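Some features that TrEMBL has for this protein:
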{"type": "ACT_SITE", "residues": "Asp121", "note": "active site, proton donor"}
{"type": "BINDING", "residues": "Lys22, Asn23", "note": "phosphoenolpyruvate binding site"}
{"type": "BINDING", "residues": "Arg97, Asp321, Met343", "note": "UDP-N-acetyl-alpha-D-glucosamine binding site"}
{"type": "DOMAIN", "residues": "7-423", "note": "domain 'Enolpyruvate transferase'"}
Amino acid sequence: MGTFQIEGGQQLSGEIEPQGAKNEALQILCAVLLTSEEITISNVPDILDVNKLIQLLKNLGVKVKKLKSDTYSFKSDELDLNYLESEQFKIDASGLRGSIMIVGPLLARFGKGYIPRPGGDKIGRRRLDTHFEGFIKLGAEFRYNKEERFYGVEAPNGLKGEFMLLEEASVTGTANIIMAAVLADGTTIIYNAACEPYLQQLCVMLNEMGAKINGVGSNLLSIEGVKELQGCKHRVLPDMIEIGSWIGLAAMTRSEITIKNVRWDMLGIIPTTFRKLGITIERREDDIHIPAHTNGYEVQSFIDGSIMNISDAPWPGFTPDLLSILLVVATQARGSVLIHQKMFESRLFFVDKLIDMGAKIILCDPHRATVIGHDFKSQLKATTMTSPDIRAGVSLLIAALSAKGTSTIHNIEQIDRGYENIDTRLRALGAHIERID
Ligand SMILES: CC(=O)N[C@H]1[C@@H](OP(=O)(O)OP(=O)(O)OC[C@H]2O[C@@H](n3ccc(=O)[nH]c3=O)[C@H](O)[C@@H]2O)O[C@H](CO)[C@@H](O)[C@@H]1O
Ligand SMILES: C=C(OP(=O)(O)O)C(=O)O
């Protein structure tokens, strides 16, 4: 179990370049299974989850070449499908959430797809019904081994396009169904599709490969199946969750930081939501500039004067992955805010650690926390903590960087799942952080 030691209270400054997006890369990497031709992907982040998925693809027989530090080519022309029935596959696939998205492409191209219960953050129930209900609609047969928690879908006679109204706008579920439908016979209509930028990117890439997807960016997709797909080149977007994390870091440590090349057009409601906490976010061409918040930041209220409430929702709503960051930043705001995590059941429990550090938070129930900001009149105190999940981990890291004294964070593998060389990059901004084992 790795550990960070952080001496808090330093003001940071400088520029930071966001990494490629974890959650887009996981979708795009699975899509390489849809063709026997070569696919080149750039801006691939060097993070644990992505590296695990690349290893899984290699074990499945995909020919992977590293062309540059962030660029790979993939060729899925000679796959070993027996691997899907091996013990090694169960270990590999259960190590991350993104592995679930190999099922759609394998089912579409080879008529079968298997997966153990995928890993990822333990942040409440994470059911897979949307994925499998979609495959069943396309004509697949589904089975589930409860003992081994192993899922399987088969369609020896191929898939057939259908209309489907998803029960939930599931992100990975939508990606999986799209990747199954692109090679189905006939037209698939997906209503209540998730439509976040990473899914838009997946559709753009698939269309580049010869797929016929209409409605990209909306929640109504029409996919006319094609017989086969070709190779292509694709570049992954900057990671909007990382960008939001740096905004939070800058505000909470009262640092002047410029986040470079953020793709403003793809950030949706994220900047506006941080502004609701009173954080100044300046647009400088395609960069975000955060000035040092020497006088703090003040939570806005609604038009009728009622208390600010920030909650998550499927895109274009506010992403649940940034609520933990927003919550930690609110602990030093002027004013109070209710954070309502609607989508996940167990993502707010990390507030106990912030309370230990001196933050004023009332955990109302598993989904809601009221934060009463200190307005920097009282600094958080350093402590020892364990990172429970990727975003809570980064939130605790931000808290530690702003706190008085030296904090220790264990289980930093959770952070390494999604943040590339975070300690090195933070040190470049002036942070005092060491990886101690
Ligand atoms: C690898 C990957 O890409 N992971 C992301 C993906 O996970 P993932 O695709 O697993 O998440 P889903 O979109 O399926 O669901 C997320 C949660 O929201 C609930 N839900 C979802 C849709 C809906 O309309 N109503 C609703 O309540 C689900 O029950 C679940 O509890 O999307 C999540 C939601 O943005 C992000 O937190 C994860 O980082
Ligand atoms: C919840 C997340 O990841 P995963 O779905 O991979 O667990 C996340 O990226 O915040």
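Backbone N, Cα and C atoms are what each Cβ position is placed from, and that goes for glycine too.
A mean pLDDT of 97 is what the model gives for the domain 'Enolpyruvate transferase' (7-423). Closeness to ligand 1 is met by Asn23, Arg97, Met343, these being the recorded positions among Lys22, Asn23, Arg97, Asp121, Met343 whose Cβ falls under 6 Å from the molecule. Of the listed recorded positions, namely Asp121, Asp321, the sparsest CB environment within 10 A is found at Asp121. Listed in chain order, the extra residues whose Cβ falls within 8 Å of the Cβ center of the UDP-N-acetyl-alpha-D-glucosamine site residues Arg97, Asp321, Met343 are Gly120, Asp121, Ile123, Val171, Thr319, Pro320, Phe344.
Taken in sequence order, the recorded positions Arg97, Asp121, Asp321, Met343 that lie near ligand 2, meaning a CB under 6 Å from one of its atoms, are Arg97, Asp121, Asp321. When the Cα positions of Arg97, Asp321, Met343 are compared pair by pair, the longest gap among these UDP-N-acetyl-alpha-D-glucosamine-binding residues is 16 Å. Sequence-distant neighbours of Arg97 (UDP-N-acetyl-alpha-D-glucosamine binding site) (same chain, 6+ apart, CB under 8 A from its CB) are Leu26, Asp49, Pro118, Gly119, Gly120, Asp121, Arg126, Thr172. Here the binding-site residues are Lys22, Asn23, Met343, and the one whose Cβ sees the fewest other Cβ atoms within 10 Å is Met343. Here Asn23 (phosphoenolpyruvate binding site) is positioned 11 angstrom away from Asp321 (UDP-N-acetyl-alpha-D-glucosamine binding site), judged by their C-alpha atoms. Here Met343 (UDP-N-acetyl-alpha-D-glucosamine binding site) is positioned 19 angstrom away from Lys22 (phosphoenolpyruvate binding site), judged by their C-alpha atoms.
Rounded to the nearest whole angstrom, the C-alpha distance between Asn23 (phosphoenolpyruvate binding site) and Met343 (UDP-N-acetyl-alpha-D-glucosamine binding site) is 17.
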